[in-house]
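If you look up Swiss-Prot, you'll see Cys196 marked as active site, nucleophile. As annotated by Swiss-Prot, dUMP binding site applies to Arg21, Arg176, Arg177, Arg216, Ser217, Ala218, Asp219, Asn227, His257, Leu258, Tyr259. Per Swiss-Prot, (6R)-5,10-methylene-5,6,7,8-tetrahydrofolate binding site is recorded for Asp219, Ser313.
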Amino acid sequence: MKQYLDLEKYVLENGTQKGDRTGTGTISTFGYQMRFDLQEGFPIMTTKRVPFKLVVSELLWFLHGDTNIRYLLQHNNNIWNEWAFERFVKSDDYKGEDMTDFGLRAERDPAFKEVYQAEMEKFKTRILEDEAFANKYGELGNIYGKQWREWKTSQGETIDQLADLIEMIKTNPNSRRLIVSAWNPEDIPNMALPPCHSLFQFYVADGKLSCQLYQRSADIFLGVPFNIASYALLTHLIAREVGLEVGEFIHTMGDAHLYNNHIEQVKEQLSRTPHKLPKLVLSDKPATIFDFDVADISLDGYNPDPAIKAPISV
């Protein structure tokens, strides 16, 4: 997608070198927007392969209100492992090798990387096989799914923001309050990672449903391709339920950054030429957005260039 390649190029040429929480360092810009017409095809990277099934299982995890990585691991999805693992290795229950700054150390020290990978595999196995362990150390706190589906009020009640949103689109499509927020200041300290994609709003016009996402922190190379595909998929799922066509996905970013250890990968991607976008295929069986399974969602005509691997910063 040209819009995404333009973002990478813009940050490389105009970004500011900044330190960051992870210690990796970034090239960053503040305030950037991309627009995708969802009628022109499904917006997923074609200049590198994005594992679409992982996008699907993560979104369904959010939609279920789940915050435990066990569901993800059951679907061979490892994208949240590091944050749960970090909580475990900082606990008194962890008795293995020192895992301080495991992300950076694994990148720089091949011997440590082997030790880290072995500890991670043991952790994943315990999450899958030991329910009590999973309940304690698979939890990431009140992150996206919890805020979307069970926002706690000061009165001790809960708000299902997503169900309320869908009902409002059906009954009052001209509302300017078609908003879901994952940014709950009270819960931030207890989250494994505060919401990066923190608020989204829907808009209905001319029989089409559009979505705008505000993302406070955007990891351009690893995270943003997932975010684009995830919110485009969410827009399609909701549009199907409320009987509308899809319109645009607008992606607004606050701190949009390239990690310093992703620069060579970015240059490799910029050397590639975008291909035709695929089409999204949805099963007719699910009655509501909350009834979908991974097998109900697929892409037709997705023929991307090979994946480009890059380290994750935790």
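Any Cβ shown, glycine's included, is placed from N, Cα and C.
Taking the features listed in Swiss-Prot, we show where each one sits on the structure.
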residue	record	CB count, 10 Å
Arg21	dUMP binding site	8
Arg177	dUMP binding site	10
Cys196	active site, nucleophile	18
Ser217	dUMP binding site	19
Asp219	dUMP binding site	23
His257	dUMP binding site	27
Tyr259	dUMP binding site	23
Ser313	(6R)-5,10-methylene-5,6,7,8-tetrahydrofolate binding site	21
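In this entry, Arg21, Arg176, Arg177, Arg216, Ser217, Ala218, Asp219, Asn227, His257, Leu258, Tyr259 make up the residues listed for dUMP, with the farthest two CA atoms of the set 36 Å from each other. When secondary structure is read from DSSP and collapsed to three states, Tyr259 (dUMP binding site) falls in the strand class. Counting in whole angstrom, Arg177 (dUMP binding site) lies 21 from Cys196 (active site, nucleophile) by their C-alpha atoms. Rounded to a whole number, the C-alpha distance linking His257 (dUMP binding site) with Cys196 (active site, nucleophile) is 12 angstrom.
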